[in-house]
Amino acid sequence: MTLSRDDAAQVAKVLSEALPYIRRFVGKTLVIKYGGNAMESEELKAGFARDVVLMKAVGINPVVVHGGGPQIGDLLKRLSIESHFIDGMRVTDAATMDVVEMVLGGQVNKDIVNLINRHGGSAIGLTGKDAELIRAKKLTVTRQTPEMTKPEIIDIGHVGEVTGVNVELLNMLVKGDFIPVIAPIGVGSNGESYNINADLVAGKVAEALKAEKLMLLTNIAGLMDKQGQVLTGLSTEQVNELIADGTIYGGMLPKIRCALEAVQGGVTSAHIIDGRVPNAVLLEIFTDSGVGTLISNRKRH
């Protein structure tokens, strides 16, 4: 393909802007939570795969954790298994857990691995059960109303929380030039399976690896102020203030708390990225403007 002079000039501009960032992140690990619209559009899926392969090619180490809620819901519906949610978490009985494992560990994980490999990468698919990659325990959910004298414990089945990460396995794969692609299924002390929120798995993996960045792909432009303007950079202190005054609320709270916990746990920065934008991951790390909100321990003005 022959580029016009204007196109060639644009490519040169992009590369010159990216070079300092590439130098800064060579040898660093970036954990990317892949989900939402970025997993649904064929164009965005291909763009994500190219982004990940390019990162690896320039010496950056991407680790991918993926979701798959809509795909799980689709198969449950086809099997006439009803879905129930409590506080945004899917109640996961034994039959639902079987479906979760089939969809996340089979269909979705292998599709992503295949896509990355078709674009020149060496991706390898894993669930948290492989070599006890993601150790977990049952998540306890409680609810209390003013009328109750003590909280009610709600059983939401095989829903778990992360208790440990097999860092040795991930480091071995990364050093072998593989791109790990992780399905968010954890394993308990007795070998039982747990369905875990993909954001939470990504955050814990990033903490365990002492990653440079945790990148959460979403279907929004980033965190916004009360006027609807994207907040491009925030400190953990500023994020807590936005939670306290109600600017950040509802469905974004678990994602933001995951990002905060990762940064407080040693990850250099967490990013809430607009996954609807083509090449969102590269734009966020290799350009001055980015496409989302960066959260770090550093105070920003």
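Here the Cβ of each residue, glycine as well, is placed from N, Cα and C on the backbone.
Remember, it's a predicted structure, so these values are computed and weren't measured experimentally.
Record check: Swiss-Prot places G68, G69, R90 at the substrate site, and the matching candidate among N190, N195, N219 is N195. One way to see the shell of the substrate site is to take the Cβ centroid of G68, G69, R90, N195; the remaining same-chain residues with a Cβ within 8 Å of it are G67, I72, G73, T92, V100, V103, L104, A198.
Sequence-distant neighbours of G69 (substrate binding site): residues of the same chain at least 6 apart with a C-beta under 8 Å from its C-beta are G35, R90. The candidate set comprises the recorded sites K33, K255. Of these, K33 has the most other Cβ atoms within 10 Å. The Cβ of G68 (substrate binding site) lies under 8 Å from the Cβ of G35, M39, V103, L104, Q107, V108, A183, A198, each of these being in the same chain and 6 or more residues away along the sequence.
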